Amino acid sequence: MEQEARVLRAAGGFGRARRLLAAASWVPCIVLGLALSSEALLTAQPGHHCRPDPALLPPALRTLRGPALLDAAIPRLGPTPQTAEALGVLSPSSLAPLTPVPRPSSSWAPRSGAWNLVCGDGWKVPLEQVSHLLGWLLGCVVLGAGCDRFGRRTVFVASLMLATGLGASEALAASFPTLLVLRLLHGGTLAGALLALYLARLELCDPPHRLAFSMGAGLFSVAGTLLLPGLAALVQDWRLLQGLGALMSGLLLLFWGFPALFPESPCWLLATAQVAQARKILWHFAEASGVDPEDSSLEESSLVTELAMLSAGSPQPQYQSPLGLLRTQVTWRNGLILGFSSLVGEGIRASFRRSLAPQVPTFYLPYFLEAGLEAAALVFLLLTADRCGRRPILLLGTMATGLASLLLLAGAQYLPGWTMLSLSVLGLLASRAVSALSSLFAAEVFPTVIRGAGLGLVLGAGFLGQAAHPLDALHGRRGFFLQHVVFASLAVLALLCVLLLPESRGRGLPQSLQDADRLRRSPLLRGCPRQDHLPLLSPSNSCWAGHTPEQR
């Protein structure tokens with residue numbers, strides 16, 4: 001890790017070229033934010049009611065229309081005088097099944113298309129949501145490992161190519177099963193592009209700027225979320241909206257497919273001993289930053305010297321299998337804790353949405369409220385996570401999430417409306433912060449050689465948590481209370497697990513599995529705890545033994 005850090009410093013450090021590339025990586029986040037938030041809009045059910053199907057009524061009632069037909073089909077309302085003569089006695093076996101009859105929606109959501117999504121066909125909505133989230137989960141896991149084997153740039157370009165084709169095919173889907181398959185594959189390719197972009201940006205930044213550029217990318221993603229309703233109101237059809245998304249993916253591929261805007265990560269190239277490929281990129285960084293690659297100062301060697309030392313012996317590229325994570329002593333535990341934290345942060349959000357729904361009944365207001373809370377959570381992390389550290393802020397966010405969930409669970413029938421609204425907003429804000437910080441934390445503690453696979457598992461756990469809500473909807477939401485209890489209990493357990501994490505603030509990114517295993521748990525508070533002075537033993541600073549100091 002020391003040698004790779006010296007090479008990056010000799011190439012100009014976090015100079016002008018790396019800053020511009022890191023800032024340019026924010027623009028694709030708008031399109032990815034549009035794609036990530038489109039699920040809430042495309043599957044929004046319009047206001048509707050259900051009525052009896054006249055074709056299934058007894059022959060004597062088929063000529064009835066309007067209120068008379070409704071009175072005949074629902075015995076509790078009682079038959080009207082016009083239907084009494086035709087009815088005689090209406091037995092329960094003669095009641096007509098209900099069929100969906102949508103009512104015009106007052107929201108700006110696009111039309112549902114050629115398939116019924118209400119009443120008897122309402123199960124299609126959660127099934128499509130689960131399919132899409134499963135695609136994101138599989139994309140994070142599979143393509144995350146691909147980032148470690150083939151590189152960040154290769155996975156990003158390939159994912160955008162596939163996403164463009166799948167997005168266009170999705171807009172032309174002729175049947176619901178075809179749509180399910182395309183949504184699954186499309187979600188996987190978008191996950192690969194998002195993950196590769198996140199890794200490349202993080203590895204471009206130095207420790208003091210990692211948080212700022214990561215949260216900036218998140219704010220651009222929120223901007224995409226806020227733009228989506230306007231695009232939906234403009235096109236007024238979900239197929240056109242899907243086609244517009246495919247067009248945007250193609251434009252990203254047209255510009256960010258060039259190495260000038262998305263070069264391969266030199267950090268990954270150095271960690272996998274691909275020095276020849278890294279030389280070209282680092283040489284460009286040095287020249288763009290105004291540094292002479294061949295000039296050596298008294299403090300450190302030149303870029304040429306450092307690269308020559310790394311390429312001594314002509315090493316072959318060395319790739320690390322994700323299974324190597326199981327042979328580590330500490331890294332696997334850190335990844336497990338952060339994956340668990342991401343699962344809770346994403347999964348518990350459905351409980352807060354459910355509590356928020358009676359207070360904010362319209363569709364568009366909760367949508368914009370959640371987007372605003374996500375932006376507020378990112379700004380909160382930007383202001384606090386570098387000042388206080390990753391672990392204390394993650395601990396605070398998990399504590400606020402669990403507390404809000406427990407209060408809603410215990411006082412749902414007794415708390416006034418404004419209290420329910422406040423707790424729901426607090427829970428959504430804290431859960432957003434926990435999810436975003438878990439991803440950044442995971443990227444900082446996993447080594448470069450398996451960072452893609454490790455971060456993919458953590459993000460995949462978050463999408464698994466999101467899938468709990470539509471899975472419950474498939475069963476008619478009969479298990480929602482149990483789901484709320486489970487996630488509230490998991491939030492309390494996650495609070496205890498976060499204490500076992502190391503602090504990654506201000507540290508260089510670990511390159512190998514051995515470097516990552518040296519990130520030991522440090523004291524939560526600054527300073528050394530008071531110690532007893534035992535007889536015949538001199539006092540020592542043993543409280544810091546085994547802890548790696550922060551590298552400012």
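Counting begins at 1 with the first residue displayed.
Glycine too: its Cβ is placed from the backbone N, Cα and C atoms.
Residues or ranges marked as domain 'Major facilitator superfamily (MFS) profile' in TrEMBL: 77-506. Per TrEMBL, the feature transmembrane segment maps to 20-38, 130-147, 180-199, 211-234, 240-262, 364-385, 392-415, 421-442, 449-468, 480-501.
Same-chain residues lying 6 or more positions outside the transmembrane segment (240-262) and placing a CB less than 8 Å from one of its CB atoms are 21, 24-25, 28, 31, 34-35, 38, 42, 110, 153, 156-157, 160-161, 163-168, 170-171, 200, 231-232. As a quick check, the transmembrane segment (480-501) and the transmembrane segment (180-199) miss the bar of 3 or more Cβ pairs under 8 A, pairs 6 or more apart, so the two do not touch. Same-chain neighbours of the transmembrane segment (392-415): 341, 344-345, 348, 351-352, 355, 381, 384-385, 423-424, 426-427, 429-431, 433-434, 437-438, 441, 484-485, 487-488, 491-492, 494-495, 498-499, 501, 524, counting only residues six or more beyond its ends whose CB sits under 8 Å from a CB of the stretch. Outside the transmembrane segment (130-147), and at least 6 residues removed from its termini, the chain residues within Cβ reach (under 8 Å) are 39, 154-155, 159, 180-181, 183-192, 195-196, 199, 322, 451-457, 459-460, 463-464, 466-467, 470-471, 474.
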